[in-house]
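*Asks:* Checked Swiss-Prot, it gives:
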- Gly39, Val40, Thr41, Gly42, Ser43, Gly44, Lys45, Thr46: ATP binding site (BINDING)
- 26-183: domain 'Helicase ATP-binding' (DOMAIN)
- 431-597: domain 'Helicase C-terminal' (DOMAIN)
- 633-668: domain 'UVR' (DOMAIN)
- 608-627: region 'Disordered' (REGION)
- 92-115: motif 'Beta-hairpin' (MOTIF)
Amino acid sequence: MSKPFKLNSAFKPSGDQPEAIRRLEEGLEDGLAHQTLLGVTGSGKTFTIANVIADLQRPTMVLAPNKTLAAQLYGEMKEFFPENAVEYFVSYYDYYQPEAYVPSSDTFIEKDASVNEHIEQMRLSATKAMLERRDVVVVASVSAIYGLGDPDLYLKMMLHLTVGMIIDQRAILRRLAELQYTRNDQAFQRGTFRVRGEVIDIFPAESDDIALRVELFDEEVERLSLFDPLTGQIVSTIPRFTIYPKTHYVTPRERIVQAMEEIKEELAARRKVLLENNKLLEEQRLTQRTQFDLEMMNELGYCSGIENYSRFLSGRGPGEPPPTLFDYLPADGLLVVDESHVTIPQIGGMYRGDRARKETLVEYGFRLPSALDNRPLKFEEFEALAPQTIYVSATPGNYELEKSGGDVVDQVVRPTGLLDPIIEVRPVATQVDDLLSEIRQRAAINERVLVTTLTKRMAEDLTEYLEEHGERVRYLHSDIDTVERMEIIRDLRLGEFDVLVGINLLREGLDMPEVSLVAILDADKEGFLRSERSLIQTIGRAARNVNGKAILYGDKITPSMAKAIGETERRREKQQKYNEEHGITPQGLNKKVVDILALGQNIAKTKAKGRGKSRPIVEPDNVPMDMSPKALQQKIHELEGLMMQHAQNLEFEEAAQIRDQLHQLRELFIAAS
C-alpha cells in the first residue's frame with residue numbers, strides 16, 4: 001500500500017534552501033539525534049522539510065504548537081505530497097472539562113466533554129496510516145504526548161478478512177462488536193455495520209467515504225468489495241481487508257478480566273490505607289465508584305472514565321510512561337518540531353498541571369492511585385521516545401541550541417530575495433505622535449501597520465487616540481477566539497483597516513505580506529514581551545514586504561534590543577550579499593488573502609449536472625467565515641441528515657453534491673478548530 005514519497009511543487013529549492021536541505025540530510029544520515037533549522041520568516045522552511053522527507057523517504061511526525069498552525073501545516077504538506085498519506089492528529093475535543101475536586105468548597109466537578117467525530121476519524125486514519133504505510137506524514141499538536149491505546153493491543157484486536165477464508169457470519173458479527181462497532185440496519189454511518197442475508201456492510205471508523213461489503217457463501221468469504229456508502233456504487237473488488245477498532249482504547253476481553261483483578265487488588269490496598277488514616281468518607285466514596293466501574297467493565301467491556309485504569313489495561317507498571325502516538329511511529333521515523341521555541345516549553349508544562357489535579361482526586365477518594373499514570377509524557381520521557389529530531393524556528397530556544405551543539409543550519413536567504421526589515425530606534429517621549437505620522441505615510445500608499453504595546457490599557461488608549469485622529473484601526477486582544485482572530489487578520493490584509501494594535505502580536509504562523517511597518521512601543525522595557533526572541537519574532541512580521549521596516553521606541557538600548565538588532569543586521573547583510581552576487585531584485589509576495597483559511601485541497605465549487613435542476617446547498621461564499629466550530633459542526637450534521645435523506649429517496653446526484661459541500665465545510669472546521 002505504501003508508495004515512495006513524491007514531492008509535488010512547481011518550484012525548485014533556491015536561496016539558502018539547497019544548502020539547508022543538504023546539511024540536514026547529511027546530519028540525519030550521520031545519525032545526529034538533534035538538529036536545528038534557523039529559518040527566517042518567509043524563507044520556505046516547510047518546503048525545505050518536505051524536500052528532506054522526500055529525499056530520505058522516512059515516515060515523519062510534525063509537531064505544531066497549536067491547532068491553527070497544525071491545520072496550516074497539514075494543508076501545505078497535502079499540497080506537497082498529494083499521492084502520499086498526509087494525516088492530521090489533534091485533540092478531538094470541541095469542549096473538555098476534566099474531572100476535578102475543589103476541597104475548599106467541597107465541590108466535585110464531573111468530567112464533561114464534547115467529542116468531534118470528524119477529528120476522531122482523522123486521528124484513527126492517522127494511526128492506521130502509521131501502522132500500514134511508510135509514506136506517511138502526520139501533523140500533530142501537543143495532543144501527541146497524551147495517552148493513547150497501546151499499539152500492540154490495538155493490532156491484536158484487528159479483524160483480517162481475505163477472500164476464500166472460512167469464517168462463520170456470527171463470528172464476524174461478534175468480532176465487530178468487540179471492536180465496538182454497532183449494528184444499525186437503518187442508518188449506515190461511520191463505525192456501524194448492517195446485515196442483509198449473507199451480506200455484511202461495514203463502514204470503517206477511520207474512513208470518510210468508503211465502506212466494505214463482505215459477501216459470504218455459507219461459511220466462506222466469497223467476495224470483498226469497496227463501495228460508496230452514499231450511492232452504493234462498487235468502487236473496486238479486493239483480495240483482503242483489515243478492519244481496525246472503532247476507538248484507540250479497545251482492549252481484548254482476556255486483558256480486561258486480568259485488569260479487573262488487578263484493580264480489585266489495588267482497591268483493597270487503598271481501602272486499608274484510608275481506613276488506617278480514619279478517612280471513612282473517602283474509603284466509602286472510592287469503593288462505591290470503583291465497584292460501579294468494575295461492573296460496567298464486566299458487562300460492557302468499558303466504563304465511563306476507563307482511561308483512569310489505562311495502566312492495567314496496557315499492562316504497564318507503576319510510573320511507566322503511557323502509550324502515545326510516538327509508539328505508533330516506526331523506529332527510523334523522523335520528528336520535526338515546528339516553532340520549537342514555543343512547542344518545547346509546552347511539552348514540558350503538560351505533565352505538571354495534570355499531576356496536581358489528579359493528586360487531589362486520589363487524596364479525597366475519587367480515584368485510585370493508578371489514575372496518576374493516566375497522564376501526558378514527562379519531558380524526560382518525551383526526550384527518550386523522540387526519534388531523530390529537527391527543531392524548526394526563526395528564534396530557536398536555548399534547549400534546541402544546546403541539543404544541537406551550537407551547530408545550527410541557517411536558512412536566512414529567501415527565494416524571493418526579500419530582506420529583513422530596516423530597524424530604527426527612536427525616543428519614547430514622542431513615540432505616539434511619531435507613530436501617527438508613520439501610519440499616515442503607510443496608509444497613503446495602501447500599506448499596513450502593526451503596533452505592539454506592553455499593556456492592555458495602553459493598547460486600548462492608543463486605539464482610541466488613533467481613532468480620534470481619523471485612522472482606521474482595530475485592537476487585537478486575548479478574548480478574541482481563533483476564528484475571529486483570523487477574520488481580523490483577513491480584514492487587515494484586505495484593507496478594511498490600516499493599523500492593528502495588540503500586546504503580543506508575535507503569534508507564529510499566519511503571515512501578512514501587506515504589513516510594511518512594525519512599531520514596538522516601550523522596546524527598552526526588558527521582560528518577556530521585549531526579550532530577544534520576542535523582538536525578533538515581532539520584527540519578522542514586516543519581513544514579507546519589500547518596504548519592510550521596524551521602529552523600536554526606547555530611550556536606551558537594552559541587551560535584548562542589541563542582540564535582536566545585531567541578529568537582524570547579520571541576516572540582512574547575508575541576504576543583500578546573496579542578492580548582489582546572483583543579481584536578484586527583491587520581489588514582494590502576492591499571497592491570496594483566501595489562503596489564510598486554505599487547507600491544501602482546492603475544493604472546486606460543485607456545478608449542477610444533468611439538466612441543471614440541482615444546485616449546491618452550501619456555496620463557499622454563503623458560509624460565514626466567522627462561524628464558530630460549534631456552528632460549523634451543527635451545519636455539517638444538518639447537511640449529513642439531508643444527504644442521507646436524498647440517498648434514501650434514490651436522489652444520488654443531489655446527495656453526492658451535498659457530500660462535496662461537506663468536504664469543504666470539514667476543511668473549514670479543521671481551520672476553525
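Using the three backbone atoms N, Cα and C, a Cβ is placed for every residue, glycine included.
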*Asks:* Which residues, given as numbers and ranges, are at least 6 beyond the ends of the motif 'Beta-hairpin' (92-115) yet have a Cβ under 8 Å from it?
*Replies:* 123, 304-305, 357, 360-361, 364, 366-367, 629-630, 633, 673
*Asks:* Around the recorded ATP site, report the further residues of that chain (criterion: Cβ within 8 Å of the mean position of the Cβ atoms of Gly39, Val40, Thr41, Gly42, Ser43, Gly44, Lys45, Thr46; site residues excluded), sequence-ordered.
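*Replies:* Here the nearby residues are Thr48, Ala394, Gln411, Arg414.
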*Asks:* Let me know how many other Cβ atoms fall within 10 Å of the Cβ of Val40 (ATP binding site).
*Replies:* 26
*Asks:* Quick one: mean pLDDT on the domain 'Helicase C-terminal' (431-597)?
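*Replies:* Computed over the domain 'Helicase C-terminal' (431-597), the mean pLDDT is 86 on the 0 to 100 scale.
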